[in-house]
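Asker: So TrEMBL has the following annotated:
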| type | residues | note |
| --- | --- | --- |
| DOMAIN | 11-71 | domain 'HTH tetR-type' |
| DNA_BIND | 34-53 | DNA-binding region |
Amino acid sequence: MVKATFENLSKDKQDRVTAALLKEFSAHTLSSAQVARIVKEAGIARGAFYKYFEDLTDAYQYLFKLAMRDLHTGLTGRMGADELYQMTKDFVTKATGSQYYDLIRLHYAANEALLPSSRPNKQMPACAWAAMALSHEAIKEALLDPDKADFYLDREHEALEKLFSQHK
């Protein structure tokens, strides 16, 4: 979790550090990322990095959460197959054209497996869990294999339609 010291920095300094994190984590996996490159790019002391973040994983999670906040459209009320499909498609389109594209691709290609697991709410109904899993997998496939993105998104739409038709 990002430390209060970071949150109390000027916006300019926060932006510099965040830009350095984005450059590092867009070019290097979490396992090969280096604090040295981040602090050099941000123009801060190595000790300052550890006053802002616990470690590289903490810095990565801060950045990824920021990216998701910028890109993700929240769920609003009860949604059907068409709405979830459109939301997934919009996310892929927005991510593809964003500064976070390489970060997200590396997340799915390597970093996701290196992070502590975040399990969804255990009280989530089975249909909602299945829809969430389908949507996230379609996003992953579309970003890792962009030439076939339409195929993955169409397959997600078909699967969501079948899933929701069984739960009417």
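Note that Cβ sites are derived from N, Cα and C of the backbone, with glycine treated the same way.
All TrEMBL annotations are machine predictions without curation.
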Asker: Do any residues, 6 or more residues outside the DNA-binding region (34-53), come within under 8 Å Cβ-to-Cβ of it, and if so which ones?
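Answerer: Long-range Cβ neighbours of the DNA-binding region (34-53): 2-3, 5-6, 9, 13, 16-17, 19-21, 23-24, 28, 59, 62.
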Asker: What is the number of residues in the domain 'HTH tetR-type' (11-71) that are helix, strand and coil, as DSSP sees it?
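Answerer: Across the domain 'HTH tetR-type' (11-71), the residues distribute as 48 helix, 0 strand, 13 coil.
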